[in-house]
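**Student:** Among the features that TrEMBL reports, S-adenosyl-L-methionine binding site is placed at H12, L14, G39, E60, D84, N104. Under the heading domain 'Ribosomal RNA adenine methylase transferase N-terminal', TrEMBL lists 19-189.
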Amino acid sequence: MSVKAKKHLGQHFLRDENIAKKIADSLSLNNYSKVLEIGPGMGVLTKYLLEKDVETYVIEIDTESVDYLKSHYLNLAPRIIEKDFLKYNLNDVFNNESFAIIGNFPYNISSQILFKTLEIRDQIPEFSGMFQKEVAKRICEKEGSKTYGILSVLTQAFYEAEYLFTVPPSVFNPPPKVDSGVLKLTRKENYTLPCDEALFFKVVKTSFQQRRKTLRNSLKTFNLSDNLKANSIFGQRPEQLSVSEFIELTQLIENDVN
Ligand code: SAH
């Protein structure tokens, strides 16, 4: 018996073994010994992870999928976490250790999966996963592009982002309406920002909330001094700023005396 796909859980099961293997093989397995797969479903990707020299954990919200995994992958059973990834405190299992994240993600929560990963970046040296293609592209996009946004800047501040390949709807059951894309994130060697990191998140998010406006307009709520607002960087729109320019902007705001 296989699991019946449930729409509200974003279930689209991958049928193509080569693609599953390619995703599993995208992890380097350097400098960590554990990997967490989010949303394993019936384990198409999990089985390739289990062949590797790494301790594989999975987190799955769907009881029917969990039952399937328990009966088909006996060795995995003690490392199945039957929880909602977005709500679960991963340190109950990982005790502040490092681990990689991987998955063919449920697309309805894929951005939130990435945001949670960024929050716990100290523990996540590597991340590979399948998103809706547009989202995967956007995460890897550079400044100057229309699709460059919050996800691109926040991710690339801490990780090298690489778009790996596109996957058509036909290889899933049931097929989704959109193309999918696989990406890989590798944490930068020095990923501590030379600015107030909480302020950096706030500046990036606020700037892109009104992406067509200049920063002078969209950052009004920061109560910046006239002197600072005269700086030419404030005449730009957020999509023109590189990650390092957002860091500089944050430093300027941090040091502003009003
Ligand atoms: N990796 C499998 C399944 C992909 S479908 C494959 O490639 O075939 C997405 C999976 O994520 C489903 O199994 C779904 O039950 C699971 N899922 C959805 N929301 C989740 C959440 N909040 N936490 C953990 N798993 C979730």
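Note: Cβ is positioned from N, Cα and C throughout, glycine not excepted.
The shown structure was predicted, so the numbers you read here are calculated from the model rather than taken from an experiment.
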**Student:** Between the binding-site residues E60, D84, where is the Cβ count within 10 Å the lowest?
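**Tutor:** Sparsest of the binding-site residues E60, D84 by Cβ contacts within 10 Å: D84.
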**Student:** Quick check: in three-state DSSP terms, what is L14 (S-adenosyl-L-methionine binding site)?
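**Tutor:** Note: L14 (S-adenosyl-L-methionine binding site) is in a strand by DSSP.
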**Student:** Rounded to a whole angstrom, what is the largest C-alpha distance between any two of the residues H12, L14, G39, E60, D84, N104 that the record assigns to S-adenosyl-L-methionine?
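**Tutor:** Greatest Cα-Cα span of the listed binding residues: 21 Å.
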